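Per TrEMBL, the feature signal peptide maps to 1-16. According to TrEMBL, the feature transmembrane segment maps to 37-58, 96-117, 129-150, 157-180, 200-225, 237-255, 267-285, 322-343, 391-411, 432-451.
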Amino acid sequence: MGACMALCSLASCASCLCGSAPCLVCGCCPSSNNSTVTRLVFSFFLLLGTMVSVIMILPGMETQLRKIPGFCQGGTTILGIENQVKCDVIVGYKSVYRMCFAMACFFFLFSAIMIRVRNSKDPRAVIQNGFWFFKFLILVGITVGAFFIPDGAFNSVWFYFGLVGSFIFILIQLILLIDFAHSWNKIWVENAEETQNKCWFAGLLSFTVLHYALAFSAVVLFYIYYTQPDDCTENKVFISLNLIFCLIISVVSILPKIQEAQPHSGLLQASLISLYTMYVTWSAMTNNPNRKCNPSLLSLVSHANTTATQPTASPGSGHVQWWDAQGIVGLVIFLFCTLYASIRSSTNAQVNKLMQTEEGTGSGGEGVVGKDGVHRAVDNEEENVTYSYSFFHFHLCLASLYIMMTLTNWYQPDTTTQAMQSTMPAVWVKMCSSWLGLGLYLWTLIAPLIFPDRDFN
């Protein structure tokens, strides 16, 4: 009896994976809106690929694979069996490039297919919301094919694709953070006004002070560790400019006319944007090829004097520190933004227009109870889609490129020496994205004053 019940349950889940509209017809999926469930599953595909990339780039992975008899070329052999696998390709930065190339192609394919889908009655919406097992097989197939791409110029060319895609994704991250801070501030202020409980205001003040404290502490540490009295002019300019820009947006956000036009704007949003800007500044400086201006994390922890022991990085330098603090922080921010983009329900009209979503429709419902008493996902897109299918996939495509650059520390492959090197283009991409992001946030503050006849609420 137990075996029969298990088989029935497995068959139900199989229909959920292979059906034309899973989460609408089977009870093994979460009780939520269909639009939310779909975004979460696609985000899970992205996170699964990220986990595989992390495993592939772990230090010592190639050494362990070479110990497997008959597996790697040049590794342990078995009599009569020829080792066929190039382990230098399936691990390290080459594997990350190929894994992320496969994910980017997968999401770009769906982005092209889902252009101008208006509601769930469109036949393409069935593909979007179902056939998960087959979509997973497509992703696996593209991934396997990507590992057969010859080295040649692929790594170098794909590096520049990663730079451009990551630049755009950083801007999207900033937009999502602005939206998150806006929603956070609005909800807590409304709770304070409704309950007459000043603890909500105290919470907003505490987080605002915390964000500014972390941001300005970062500035002090940057000047101490990432500048030299007679060197590191670029870093000094980057730190000083972003400090000035953060002060400007903070002052503008609390101006009386700005508050009159946008009552929910304030220092909470400005503090969070300032903190994120300092992270991007730090991330940029860690890619400076001048080792005097870019101390390693190990030297910072051990208080070692790296300026006397580490020469300026040369193009042939093969030392790569895969796991550093800025990379880990970048992954955490990426995970947060990916999850938030999947479940967000915003009332910010400007952000909704930029992100191609409908107002207040991102969160899940309570589901519909079927005759068997099981909660099923709700098709909440019969009239109109709650988000742009095509833009959502394009966002995940850019996220794949950002993950590729983050896991490889934005190092550029050198095809002649098979090494990785820090480059100034990565520095400028990050800094320009931070400046453009700050300009975008400043525009959201002053746009209602410049165009008073338009509705920005």
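Glycine too: its Cβ is placed from the backbone N, Cα and C atoms.
Because TrEMBL annotations are produced automatically, they should be read as predictions rather than curated entries.
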Which range wins on Cβ pairs under 8 Å with the transmembrane segment (267-285): 37-58, 96-117, 129-150, 200-225, 237-255?
200-225
Top Cβ-contact partner of the transmembrane segment (200-225) among 129-150, 237-255, 391-411, 432-451 (pairs under 8 Å):
237-255
Hey, does the transmembrane segment (37-58) touch the transmembrane segment (129-150), meaning at least 3 C-beta pairs closer than 8 angstroms, sequence gap 6 or more?
yes
Rank 96-117, 157-180, 237-255 by Cβ pairs under 8 Å to the transmembrane segment (391-411) and hand me the top one.
96-117
Same-chain residue ranges lying at least 6 outside the transmembrane segment (157-180) that approach it to Cβ under 8 Å:
97, 100-101, 104, 269, 272-273, 276, 280, 333-334, 337, 340-341, 344, 346, 348, 351, 354-355, 395, 397-402, 404-406, 410, 412-413, 425-426, 429-430, 432-434, 436-437, 440-441, 444
